[in-house]
Amino acid sequence: MALTLRSSTFLNLKDIKTLKTLDVDFFTTICFAQIKPTTRRLRTKNSIQDAQLSGEKMISSFEGMYDAQKEKFHALSSSHQMQNDSKVPVYVMLPLDTVTLGGHLNKPKAMNASLMALKNAGVEGVMVDVWWGLVEKDGSLKYNWEGYVELVNMVQKHGLKLQAVMSFHQCGGNVGDSCSIPLPPWVLEEISRNPDLVYTDRSGRRNPEYLSLGCDSLPVLRGRTPIQVYSDFMRSFKQRFKNYLGNVIVEIQVGMGPCGELRYPSYPESNGTWKFPGIGEFQCYDKYMRASLEAAADANGKKDWGNSGPHDSGQYNQFPEDTGFFRREGTWDTDYGRFFMEWYSGKLLEHGDKILGSADRIFRGTGAKLSGKVAGIHWHYKTRSHAAELTAGYYNTRHSDGYLPIAKMLAKYDVVFNFTCMEMRDNEQPQHANCSPEGLVRQVKLAVKAAGIGLAGENALERYDGGAYGQVLTTSRSDSGNGLCAFTFLRLNKRLFEAENWRQLVNFVRSMSEGGRVRLPESDSSTKDLYVRFVDNKLKSLKEDKEAVLV
């Protein structure tokens, strides 16, 4: 069916002056066309043919849109469990370099236009990485929040919500990393003096993405422990943004490892160290982790088990059957293997507990919800040992549930379990990798339900196709009370605003707002291009006869 989009609905005319001065180089692909300025006809397309959703008549994606102010993420039930007819709010991740290395908001005029578009598309809010490497760059306990202050004010102006990620990791070297933001220079100085502050593999390769959890409680950062440093950072954030917490900043996602995820950096892509679907390597060879392993083995009456990590666990890009530890009848299923994995995964749980316990004390009573992210390691999931999950610290095998202990740890502080790979389907994966993202998501949903906490989702890869959206819609619906309480789309960039991609997002947001009960509109090849046009002819001076962008 044909849908009407009025330019005055899409963009407020009072913002025309702002839009006139947008950075032309920052524009993405939303096209202008020569038609009458009174009405705009928009046809939407549904390429999500696999979703099998029950149909309801689709109304305009913009006219009659729900009031985002009335149904907040935090208006969920105390258990954060969704019902079949509940709205699933959609957030969109902002670019990794939203705040510049100089501490300023990157291209604010273009960001303003992008937020305006997202708001009118029905998006609930946006997510931003609050980089430790930017905020505390100038010295220990010297914080610069001003770029984020500008962003928060802009988000508030457009009536959107913000998910703020406390990003204590380095940006760069992983999937989707488009810029480089290292840890604070003063921290890197300490690492240069003491390389054991970062994770280390069996061959001695150091990883500067994140501080080793082995030194969590040691005063190795100029008299402060890493947990104290993270806590001071969050405490300063709370103080600076106290007037926004709970109303604009509705969620604090607490970073707990590389990529912000609670895991070890077992599959680093930088310099070609790891490639999909390699099993990865254990990261327990800095002196602090080795000391912990030695103490655990001694306490267990097996002193020789503490001399080193598994000697037969292979290398980053091997497959389970290439190793003695991970093969079908391997060392993982022996007394030693169980001891090591209980220690290795237990240290990760302790790390998460320490950081989240501190975050809970800091943000309790502010109205902001806490969340923690867990990686969707779906390759080799169909094998007995689940090798790639084990090296990352998730003790998930044929005989052990690795996600229930994590969910229970998060439940201590009523933290939302944030999980990725929600868009993936098993039949899309290469057979040799023994993947099952769908099976993994089902297992996580059961663990979250058992723990009584909320489950939020993200897509792992940048995708705009109907199949990916359809899979998210299917996952978001409740199976006996364990659907999604929120979904965050990766990521705001130029591609998102291309004609077909934007149409897909608008339809997806609308369906998620109806709890997945609205069938996405049928495909119509006659509307191959999406045109968004402004009433004010002055805007044509932005890019004469060319494409304009909102990102």
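Here the Cβ of each residue, glycine as well, is placed from N, Cα and C on the backbone.
According to TrEMBL, the feature substrate binding site maps to Asp129, His169, Asp177, Lys373, His378, Thr420, Asn459, Ala460, Arg491.
The feature active site, proton donor is assigned by TrEMBL to Glu261. Its own atom aside, the Cβ of Glu261 (active site, proton donor) has 24 Cβ atoms within 10 angstroms in the protein chains shown.
Note: Glu458 (active site, proton acceptor) has non-local neighbours Met93, Lys373, Asn418, Phe419, Thr420, Met422, Phe487, Thr488, Phe489, Leu490, i.e. same-chain residues 6+ apart with C-beta under 8 A of its own C-beta. What TrEMBL lists as active site, proton acceptor is Glu458.
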Residues satisfying Cβ distance under 8 Å from Asn459 (substrate binding site), sequence separation of at least 6: Thr420, Cys421, Met422, Glu423, Ala468, Val472, Phe489, Leu490
Per-residue Cβ crowding (10 Å cut-off), top of binding-site residues His378, Arg491: His378
Number of Cβ atoms other than its own within 10 Å, given for Asp129 (substrate binding site): 24
Cα-Cα distance linking Glu261 (active site, proton donor) and Asp129 (substrate binding site), given in Å to the nearest integer: 13
